[in-house]
Structures are given as structure tokens and as C-alpha cells.
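**Q** Sharing a structure with you now.
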Amino acid sequence: MEGPEVLNITLFCCAVAGCGKEYKSKFNLKKHMFISHLGKNNFRCKKCNKLFVSKQNLREHSFIHSNIKPFKCSYCGKRFRQTSQLCMHKREHKKKYAETLKYAMLIDKD
């Protein structure tokens, strides 16, 4: 009998505020960014001159220059300045869940 199936969960999240798309490959995320977001209106931060593809991204970026953390993890309540940080954080929860599920499957198998 074979061992339990290993769950590999790797998600690449779109950092454009309000988008929330997740992809299993970096290539597909880049393709999405090019088709959906790049080459459109550019918005410039007045504090650091960085350019953004949307007004919402510029707004999110502005939190870096302040102490505001408006994005909250639905799993643990930790707060973040950017949705991309929240997305990366949530990946850790998903990895822990996959590891727990793998462990439970090993115990159940015995």
C-alpha cells in the first residue's frame, strides 16, 4: 500500500488591491498582471515617487509610509499594511493545514 499523498500548496497572489486572484504558477500570475493590470493608468506616490497600476494600489502603498494596518487575517487576526503581505501570511496557514492533514492521514493509516 502506498503512503499518503503529499499536498503541496503554493499560491502566487495578485498584489493589485481588490483583485485577489491566485495562481498555481508564477508564469500565470505574470500573464494575468500583463493582461489585466499593466500598461493602464499609472499612479505615483508623492512620498517616494513609486508608480502603481491602480489608485487602490497606491492607497495600499501609502500605508507603508504610515502605521495603518487595515488588512486582517481571517484565521488568526494578525493585521497587515498590504493585501500581498496578507496573502503570503495566509499561505503559511494553508501549509500548516496541509501538514496537519498529512499527519492526520498518517495516524489514520496505522
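Each position is counted from 1, following the chain as shown.
Here the Cβ of each residue, glycine as well, is placed from N, Cα and C on the backbone.
Caution: TrEMBL annotation is automatic and unverified by curators.
What TrEMBL records for 12-42, 43-70, 71-98 is domain 'C2H2-type'.
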**Q** Going by DSSP, how much of the domain 'C2H2-type' (43-70) is helix, how much is strand and how much is coil, in residues?
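**A** So the counts come to 11 helix, 4 strand, 13 coil.
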**Q** Give residue numbers and ranges for long-range contacts of the domain 'C2H2-type' (43-70): same chain, 6 or more residues beyond its ends, CB-CB under 8 A.
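**A** For the domain 'C2H2-type' (43-70), the list is 15-18, 37, 79-83.
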**Q** What average pLDDT does the predicted model assign to the domain 'C2H2-type' (71-98)?
**A** 85
**Q** Determine how many residues of the domain 'C2H2-type' (71-98) DSSP places in helix, in strand and in coil.
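**A** Helix, strand, coil within the domain 'C2H2-type' (71-98): 16 helix, 4 strand, 8 coil.
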**Q** Tally the residues of the domain 'C2H2-type' (12-42) by DSSP class, grouping H, G and I as helix, E and B as strand, and everything else as coil.
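**A** For the domain 'C2H2-type' (12-42), the helix, strand and coil counts are 11 helix, 4 strand, 16 coil.
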